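Undergrad: Swiss-Prot lists GLY75, VAL76, GLY77, LYS78, SER79, ALA80 with the feature ATP binding site, giving sequence analysis as the kind of evidence. Taken from Swiss-Prot, the feature substrate binding site applies to 94-95, HIS107, 133-142, 167-169, GLU295. Among the features that Swiss-Prot reports, domain 'SIS' is placed at 60-203. Summarising the annotation, Swiss-Prot assigns domain 'CBS 1' to 229-288. Taken from Swiss-Prot, the feature domain 'CBS 2' applies to 297-350, supported by sequence analysis. Among the features that Swiss-Prot reports, site 'Catalytically relevant' is placed at LYS78, GLU130, GLU171, HIS212.
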Amino acid sequence: MGSLPPPSLDFSSIDHNSLKNGGSSHQEISHDNLLNLFKSQQDLLNHFFKHLDLSQTLDFSRILLSTTGTVFFTGVGKSAFVANKVSQTLVSLSFRSSFLSPLDALHGDIGALSPRDVLVFFSKSGATEELLRLVPCARAKGAFLVSLTSVSGNPLAGVCDMNVHLPLQRELCPFNLAPVTSTAIQMVFGDTIAVALMAARNLSKEEYAANHPAGRIGKSLIFKVKDVMKKQEELPVCKEGDLIMDQLVELTSKGCGCLLVVDEHSRLIGTFTDGDLRRTLKASGEAIFKLSVGEMCNRKPRTIGPETMAVEAMKKMESPPSPVQFLPVVNEDNTLIGIVTLHGLVSAGL
């Protein structure tokens, strides 16, 4: 076997100051230069908006809206990231959509395509070899093919059923190479189409929330009081005849800041808070040792039902005359079934 010649080690030409700065020379980014870059990018995006063919865009939107199958998106490199993102946006809006890798498609994944589907190609140049190889295979599956390109007369546009031209004056990159404007245009185009489809389908806020159960908007429209309340052994419960001093552990150990006073049938009588404890101690002194919870509790507390939306519980806590930190949860006959706390609502992401 052959071998590589030994390296020639010459350290005399090394710029040690350059090494300290990461191995390359840098210039400061000035305020004016940065501002000019943003203005230039704005001008490039304005060129896109000014020259976009709305008739092409409308036809494309209607095809996506009317498809009875799945809308697949594909691309290579940075365009692949855009294609994937736009696809996921549509999925979040209850549209059947998916990203199709052009490489994986040629190794089995193209089996997902059917004659009812639409395949959308994101490509700046329209000359990407991987996408051109995919076209005849996708056509054999019967899918409708759409290219979104920025170069006129490109080969991909010529072999697809439809092309939408995304006008691009140039890239912001000083070499006109890095796809920093073309991808922005692709993203703006894709997301705007997604919103147009959303409006055409009359997607409701409730449907949107159902697709985002972990997000704040989803939780606010899905979670009910019964989903976030404490219950059973978590409740700081006592009877009205119990002495205040005998219930200090119950008052302080359940993390609710209160006692829930109930009768023998678990119907709510009132509440006694840690604030009530401080006020009673200040007003009564040693007499507090003989006072029962029932004598000092609030017999008209705010309450809420288990089927009420959790976000409404938060509003009720914050309503006049003064905010509260908790709400006892009762059913129709005032039987205590839980407690919802402000801390619990915040922890749930509401």
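Every residue, even glycine, has its Cβ placed from backbone N, Cα and C.
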Undergrad: Averaged over the domain 'CBS 1' (229-288), what pLDDT does the predicted model reach?
TA: 93
Undergrad: Give the sequence-ordered set of same-chain residues, not counting GLY75, VAL76, GLY77, LYS78, SER79, ALA80, with Cβ within 8 Å of the centre of the Cβ atoms defining the ATP site.
TA: PHE81, VAL82, ALA83, PHE122, SER123, THR128
Undergrad: Which of the three DSSP states, helix, strand or coil, fits GLY75 (ATP binding site)?
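TA: GLY75 (ATP binding site) sits in a strand per DSSP.
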Undergrad: Report, in whole Å, the straight Cα-to-Cα distance of GLY75 (ATP binding site) from GLU171 (site 'Catalytically relevant').
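TA: Computed Cα spacing between GLU171 (site 'Catalytically relevant') and GLY75 (ATP binding site) is 18 Å.
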Undergrad: In the structure shown, which of the binding-site residues GLY75, GLY77, PRO136, GLY142 has the fewest Cβ neighbours within 10 Å?
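TA: Fewest other Cβ atoms within 10 Å, among the binding-site residues GLY75, GLY77, PRO136, GLY142, is found for PRO136.
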Undergrad: Checking the contact step here: among the recorded positions SER94, GLU130, GLN169, which have a Cα within 10 Å of the Cα of GLY75 (ATP binding site)?
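TA: So the list reads GLU130.
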Undergrad: Considering the binding-site residues SER79, SER94, GLN169, which residue's Cβ sits among the greatest number of other Cβ atoms within 10 Å?
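TA: Going through SER79, SER94, GLN169 one by one, the largest Cβ count within 10 Å is at SER79.
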Undergrad: As a quick check of your reading of DSSP, tell me how many residues in the domain 'CBS 1' (229-288) are helical, how many are strand and how many are coil.
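TA: Output for the domain 'CBS 1' (229-288) reads 28 helix, 17 strand, 15 coil.
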